[in-house]
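One structure below.
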Amino acid sequence: MNTGKVDVLLGLQWGDEGKGKVVDVLTPRYDVVARFQGGPNAGHTLEFEGQKYVLRSIPSGIFQGGKVNIIGNGVVLAPDLFMGEAKDLEKSGHPLKERLHISKKAHLIMPTHRILDRAYEAAKGKDKVGTTGKGIGPTYTDKISRNGLRVGDILCDFENKYAAHKERHMKMLAALGWTDFEGFEETEKLWMEGIDYMKEFKFVDSEIEVNHLLRENKHILCEGAQGTMLDVDFGSYPFVTSSNTICAGACTGLGIGPNKVGNVYGIMKAYCTRVGSGPFPTELFDETGKTIRDLGHEYGAVTGRERRCGWIDLVQLRYSVMVNGVTELIMMKSDVLDSFDTIKACVAYELPDGSETKDFPYEIDNIKPIYKEFPGWKKDMTKCKSQDEFPQAFRDYVAFLEDYLETRIGIISVGPDREQTIVL
Ligand code: GDP
Ligand code: IMO
Ligand code: MG
């Protein structure tokens with residue numbers, strides 16, 4: 001049977017590529033926007049009409065009136081944080097209750113999951129992942145080990161189920177020797193208020209809803225969180241998040257057959273950033289890295305942490321294009337490089353035995369990036385309205401990226417605002 005398709009938009013680097021901004025820009029082309037994985041570890045920033053919003057669990061299609069937004073089964077939700085985020089949006093004049101549907105199969109992040117997150121990080125010491133502390137790993141662990149608590153459980157004998165899960169977590173924390181429960185009671189109270197607040201929303205069998213919409217030929221945009229290098233299978237393991245951030249995650253996180261996937265939009269910055277621990281081949285520790293951080297305002301949207309900055313890594317990006325089946329690239333934040341005399345791109349890795357490769361290796365903490373240098377374009381592009389205004393040096397850089405990654409760049413973003421987006 002012929003049905004509509006879902007398009008998937010996802011990050012190709014270590015997250016924070018600008019997914020929220022582009023989802024908002026593309027939403028008018030779609031009937032539905034759906035999140036398929038991750039949770040409040042995400043921070044998706046949108047700017048329009050002089051206002052800035054940061055979304056964590058709520059899809060970025062919520063601002064373009066009248067569209068249905070779905071939180072799919074692959075997402076993990078913290079009721080207290082969800083309530084805070086939703087109430088803030090309602091206060092700023094963006095009503096959600098009719099437009100936001102939540103999968104009954106999405107898992108709940110309990111207050112004890114957040115403590116477990118801290119306890120596991122503390123136990124790892126200097127090898128810690130540098131998580132966002134939102135309980136993501138422990139919640140997905142409970143899901144996979146068949147111990148999770150789901151949104152659908154809210155409707156049936158919830159208090160008893162919650163108490164049993166909490167007791168199990170407390171035993172685990174005792175075994176880890178964890179004693180810091182400061183503020184726990186207040187958090188738990190707010191969390192329970194969040195549970196009551198969530199009941200005002202529509203809980204759905206989102207896999208049935210999504211497939212029904214596809215049969216009606218509706219257009220659905222799936223919004224990824226994090227990035228391919230944080231994928232639990234293909235990222236820089238163990239310094240990753242606990243979900244499949246790649247395109248296949250949209251199938252499992254929403255209940256869509258792979259033959260229903262249409263376009264795969266892969267988002268990348270014109271450079272590269274990472275927050276948290278783990279290898280980062282092109283990281284810059286010098287003034288250039290600092291300049292990128294300052295000009296790009298590279299500080300975490302969720303934790304405020306400094307983002308590590310470096311040059312674009314085409315070996316890494318080629319791998320991301322491959323594992324996601326990217327059909328179109330979107331390049332963000334090229335404006336941050338507007339004033340640079342020269343720009344570098346990593347085009348190969350030198351392995352410890354001295355050989356060179358363009359294939360992303362198993363180990364990336366012992367390789368040396370090999371760079372190609374490009375002349376800077378030295379033009380303020382933040383006011384550009386069309387590609388006709390692009391300087392030649394910038395066109396050459398874009399053409400090189402497209403050629404190396406064997407994929408066309410369809411959108412270039414030249415500033416944080418919705419309007420600063422050039423569709424090629
Ligand atoms: P996400 O997690 O992928 O949605 O990205 P974040 O919101 O965490 O980080 C992207 C940051 O870059 C946000 O502060 C955006 O407002 C900002 N941003 C997005 N696109 C552009 C751009 O083209 N130029 C500049 N200068 N900033 C941008
Ligand atoms: P968005 O959707 C950037 C990183 C954390 C840490 C690792 C694991 O805004 O791009 P977790 O809390 O998920 O267990 O942390 O993943 N991380 C992100 N980095 N952007 C994100 O989301 C991230 N979500 C998690 O910093 O290194
Ligand atoms: Mg972010």
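Just so you know, glycine gets a Cβ as well, placed from its N, Cα and C.
Automated prediction, rather than curation, is the source of TrEMBL annotations.
According to TrEMBL, the protein has these features:
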ACT_SITE  Asp16  active site, proton acceptor
ACT_SITE  His44  active site, proton donor
BINDING   15-21, 43-45, Arg307, 333-335, 413-415  GTP binding site
BINDING   Asp16, Glu17, Gly18, Lys19, Asn41, Ala42, Gly43, His44, Thr132, Arg146, Gln226, Thr241, Arg305  IMP binding site
BINDING   Asp16, Gly43  Mg(2+) binding site
BINDING   Ala301, Val302, Thr303, Gly304, Arg305, Glu306, Arg307  substrate binding site
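Distance between Cα atoms for Ser334 (GTP binding site) and Glu306 (substrate binding site): 20 Å, as a whole number. Distance from the CA of Thr132 (IMP binding site) to the CA of Thr303 (substrate binding site) is 7 Å. In this structure, the binding-site residues under consideration are Ala301, Val302, Val414, and the one with the smallest number of other Cβ atoms within 10 Å of its Cβ is Val302. Listed in sequence order, the binding-site residues among Thr45, Val302, Thr303, Arg307 whose CB lies under 6 angstroms from an atom of ligand 2 come out as none at all.
Cα proximity to Gly18 (GTP binding site) (within 10 Å) is found for the following recorded positions from His44, Thr132, Arg305: His44. Contact annotation for binding-site residues (Asn41, Val302, Gly304, Arg305, Val414) versus ligand 3: none, no CB falling under 6 Å from a ligand atom. Between the CA atoms of Arg305 (IMP binding site) and Val414 (GTP binding site) there is a gap of 24 Å. Looking only at the binding-site residues Gly15, Gly18, Gly43, Gly304, the densest Cβ neighbourhood within 10 Å occurs at Gly15.
Cβ neighbours within 10 Å of Ser334 (GTP binding site), excluding its own Cβ and spanning all shown chains: 24. Across the fold, the C-alpha of Gly15 (GTP binding site) and the C-alpha of Gln226 (IMP binding site) stand 4 Å from each other. Rounded to a whole number, the distance between the Cα atoms of Val302 (substrate binding site) and Thr132 (IMP binding site) is 8 Å. Ligand 1 lies under 6 Å from the Cβ of Thr45, out of the binding-site residues Thr45, Gly304, Glu306, Arg307. When the Cα of Gln226 (IMP binding site) is compared against those of the recorded positions His44, Ala301, Val302, Gly304, Glu306, the shortest separation belongs to His44.
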